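Look at TrEMBL and you will find 63, 115, 160, 167, 191, 243, 261 tagged as substrate binding site.
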Ligand SMILES: NC(=O)CC[C@H](N)C(=O)O
C-alpha cells in the first residue's frame, strides 16, 4: 500500500501542472478558489485512509453530484423509468452543450452526466417540495460518506442560481418536449443546491469506496445501493465521467471517475479503493488538470487501470 510520503511526492509533482489550468469562474463564487490547491485521500476497504495536501478544505461537488443523484433516482424509480427520460450514450460534446438535444431523439438527453441529462435526473428526485427532495439527496450523500455533518454552500448555490442562464435554457427545452414538467425555477433551485453540496476529499474518497465495493459500505456492511445501481454508475463514470475527455482518460488512467468544475474528482478502483481529489485548476474541458495528473501517476505506478 502507498505511503503518505509517496503520496505527498506525487502531489508535489502534479501541482506543477496547475499553471497550465484555470479556475472555473462562470459560476462567480468558484472563481475564488486557489489554482495551486491540491488534496487527495485514498480510502481502503479495511478503513485506512492515506491523504496528502490540505485535507480539511471543503469543496463543492458540482458535476460529481450527478452520479449520486443518478444512483438515488435509479433506486427510487428503477432503470426502465429513468432511461425513458435520459439515454446511455456519450456525446463527445462539452458538458453544457445543447446541440445534440435537437439532433438526436427530440430532447432526450444522451446521458445523465451532461447538464441536460443531469437536469432530467434531478427532476426525478422524489419529494413533495424542493426542500424535501434536497433533504433526501443530502441524507443519501451523508450516508454514502458516513458523515452526518455534510451540507451545502449557500454562497455557491446562490451564485450559480443567479447566473445559470444556459442551464435554464436546457430546462425550457426539456420542458417543451415533455422530459420535465416542473417549474424551471424550482428545478434550478434544487439543481444548484445539489451542485453546491460540499465536503472534504476524505468524504469524497469514502463515497468512491462505496461505489468501488459495489454499493456496500464496508464499515457498516450495509448495502446502500443495489449492486446493479453501483454498476450502472461506474459504467457511466467510464464512458462519460470526464465529459468529452472520457476516452483519453480511460486509455491513460483507466479508473471509473467523475469530475466537477470545482476541480473535484471522485474515483472508484473496483473492489479496492475510493479516491477523492480536489485541485481547482481546470483544463479546457473542465477537468482538474492537477487531479488528472495525480491519478495518472497513481494508475501508472500501481497498475490501477481496469482495462
Ligand atoms: N461540469 C460541472 O461540474 C458543471 C456543474 C455546474 N453546476 C453546471 O451546471 O454548470
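Including glycine, each Cβ sits where the backbone N, Cα and C put it.
Feature map: TrEMBL annotations on the structure.
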residue	record	DSSP class
63	substrate binding site	helix
115	substrate binding site	helix
160	substrate binding site	helix
167	substrate binding site	helix
191	substrate binding site	helix
243	substrate binding site	helix
261	substrate binding site	coil
Within the chain of residue 115 (substrate binding site), which residues six or more apart in sequence place their C-beta under 8 angstroms from its C-beta?
95, 96, 166, 167, 170
Taking the residues 63, 115, 160, 167, 191, 243, 261 listed for substrate, what is the greatest CA to CA distance in Å, to the nearest whole number?
20
Quick one: of 191, 243, which of the binding-site residues has the smallest count of other CB atoms within 10 A?
243
Just counting, how many other CB atoms are there within 10 A of the CB of residue 167 (substrate binding site)?
21
Hey, what's the Cβ neighbour count for residue 160 (substrate binding site) at 10 Å?
24
Tertiary neighbours of residue 63 (substrate binding site) (same chain, Cβ under 8 Å, six or more apart):
95, 113, 118, 195, 243, 258, 259, 260, 261, 286
